[in-house]
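> Structure incoming, see below.
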Amino acid sequence: MLRAVSTSLGTARAASTAAKRNLPNIVLVDAVRTPFVVSGTVFKDLMAVDLQKEAIKALVEKTNLPYDKLDHIICGTVIQECKTSNIAREAALLAGVPDNIPAHTVTLACISSNVAITQGMGMLATGNANAIIAGGVELLSDVPIRYNRKARKAMLGMNKAKDVGSKLKIGGEIAKNLLSPELPAVAEFSTGETMGHSGDRLAAAFNVSRREQDEFAIRSHTLASEAAKNGKFTDIIPVFLDGKKPKTIKEDNGIRVSTIEKLSTLKPAFVKPHGTVTAANASYLTDGASAALIMTEEYALANGFKPKAYLRDYLYVAQDPKDQLLLSPAYVIPKLLDKAGLGLKDIDVFEIHEAFAGQVLANLNAMDSDYFCKDHMKRAGKFGRVPMDKLNLWGGSLSIGHPFGATGVRLAAHSAHRLKEEKGQYAVIAACAAGGHGVGMLLEAYGK
């Protein structure tokens with residue numbers, strides 16, 4: 001039966017609702033991540049599989065996890081390297097995990113490692129596993145670039161050409177198209193629009209000013225800098241880089257505290273000349289990997305593991321991928337809390353993924369809007385505003401960085417650690433993702 005501490009009417013209702021599901025308690029035992037670094041810097045010569053390997057290996061060492069206690073590995077990633085298409089399996093083998101432990105890879109844009117966690121939760125809840133590593137990785141320093149389709153078609157046809165004339169004709173077609181490569185898509189396939197354009201339009205729709213966005217970005221970097229200096233990022237594991245000048249990377253390198261005066265001089269990055277999204281108030285391309293160990297509570301305690309938090313519930317949403325591409329937190333937070341029988345006041349910690357400063361602020365405004373909640377969410381009225389003094393107090397994706405496939409585990413780790421430090425009971429994670437998708441997750445402090 002699921003455990004919950006009844007400290008208010010809201011949490012009492014949450015406990016009874018959860019208990020009716022008659023599922024085992026699922027816990028986050030621990031989580032790690034490599035430093036999150038700006039793409040094109042210190043990890044530029046690695047492969048994504050190298051980073052995921054480091055995260056898995058470090059997690060196993062940190063938790064003293066015997067391999068005979070591990071049932072499955074799930075990792076998320078977005079921009080896949082074709083040589084390691086099942087990157088979870090390849091990373092596991094490189095990390096020394098025995099080959100009889102299955103591993104598979106999932107992808108759902110920026111919430112890919114959330115999918116890894118929740119798939120693992122499903123396997124644990126149904127008795128198909130007792131212990132799972134869930135992680136994710138992204139290395140945007142090196143992305144697959146293809147010849148265009150005409151060149152690829154010609155190359156494939158070369159093997160079938162039977163005479164010199166045919167081969168020369170195909171060779172000419174290849175040569176003609178060699179200088180027109182296809183880069184990985186930076187736009188939504190369904191709309192042809194970049195996420196930055198959507199962020200700009202969302203900020204305008206919910207009346208978020210350029211100054212508010214810049215101030216939120218400064219807040220994110222300032223809080224992350226303070227957290228790093230005060231030793232909060234205990235989830236970071238060092239990565240040793242071999243080579244002519246060996247070195248060990250021990251910290252995130254994208255955190256930069258600036259001033260409103262400096263940020264106000266930057267030009268719009270997407271909607272020119274009047275847009276409000278800039279390079280400074282948007283998350284940057286990032287390399288990094290993460291891994292979390294999740295178990296049933298019974299199995300964890302029976303085998304000497306001390307959990308950090310309960311993984312109580314989760315919910316996925318999807319909506320219009322054009323005008324509402326980044327609005328998933330506004331949709332999922334009320335639905336998740338309704339499902340759990342909780343209200344905003346019951347939540348002590350919020351960790352909302354920061355794709356753009358304007359995106360976070362627009363979502364906060366949406367949940368506090370009678371019009372949005374009535375017309376789009378079919379609620380009786382506005383849901384309410386997430387308190388800023390509970391939101392992303394160690395910084396977020398704007399400052400720490402956002403390796404697409406890895407961020408979900410980082411959000412879970414920071415939620416669990418903040419619950420302990422702030423002596424809270426419940427934490428909510430929310431994140432948007434490409435395609436108009438989003439996820440919400442509910443964590444509870446572990447009290448034993």
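Using the three backbone atoms N, Cα and C, a Cβ is placed for every residue, glycine included.
On a predicted model such as this, the values are computed, not experimentally measured, just so you know.
Summarising the annotation, TrEMBL assigns domain 'Thiolase N-terminal' to 26-298. The annotation active site, acyl-thioester intermediate is assigned in TrEMBL to Cys110. According to TrEMBL, the domain 'Thiolase C-terminal' annotation covers 306-444. Sequence annotations record features per position, and here TrEMBL assigns active site, proton acceptor to His402, Cys432.
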> Give me the non-local Cβ neighbours of Cys110 (active site, acyl-thioester intermediate): same chain, 6+ apart in sequence, Cβ-Cβ under 8 Å, ordered along the sequence.
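Val78, His353, Ala355, His402, Phe404, Thr407, Ala431, Cys432, Ala433, Ala434 - these are the non-local Cβ neighbours of Cys110 (active site, acyl-thioester intermediate), listed in sequence order.
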> Around Cys432 (active site, proton acceptor), how many other CB atoms lie within 10 A of its CB?
35
> Could you pull the average pLDDT for the domain 'Thiolase C-terminal' (306-444)?
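Mean pLDDT across the domain 'Thiolase C-terminal' (306-444) comes out at 98.
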> Taking 10 A as the limit, how many CB atoms besides its own sit near the CB of His402 (active site, proton acceptor)?
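By my count, 27.
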